[in-house]
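See structure below.
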Amino acid sequence: MNNEICEITCIHEDKVNRAKSKLANFDTPSVSGFFKILSDENRLKIVHALVHEDELCVCDIANIIDASVATTSHHLNSLKKLGVVDSHKDGKLVYYFIKNIKILNLMELGVNFKEEVLA
């Protein structure tokens, strides 16, 4: 017998209805898309690097994540569309920086979760 599933079917309608009501107002596609973008290791490395540096140019970021400038640029574009990073041009160089510092809280939460729960 599997102890991880119910042995009988019993629907708790009040709880199910409350949960469904809350879910109807939850923007699942956007939140899922946000986590999907951040689930890529290179994008996570980029965010981590930018959290610890005020700004980095694309060439520096490419070197840090050991990827081509084109690949790095693609990752940065995804992060920029998500509102995590922004950029500015200085002469011939394009610098990226963290746009919303709340991403730092999310990074810390991920690290703490891993250390406390997954250890």
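Cβ coordinates are placed from backbone N, Cα and C, and glycine is handled just like the others.
In the predicted model, residues of the DNA-binding region (58-77) average a pLDDT of 97. The DNA-binding region annotation in Swiss-Prot covers 58-77.
Per Swiss-Prot, Cd(2+) binding site is recorded for CYS6, CYS10, CYS57, CYS59, and the stated evidence type is sequence analysis. The local packing around CYS57 (Cd(2+) binding site), expressed as other Cβ atoms within 10 Å of its Cβ over all shown chains, amounts to 17.
Under the heading domain 'HTH arsR-type', Swiss-Prot lists 23-118, citing sequence analysis as support. Sorting the domain 'HTH arsR-type' (23-118) by DSSP state (H, G, I as helix; E, B as strand; all else coil) yields 62 helix, 14 strand, 20 coil.
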Discussion item. Would you identify which of the binding-site residues CYS6, CYS10, CYS59 has the most other C-beta atoms lying within 10 angstroms of its C-beta?
Written reply: CYS59
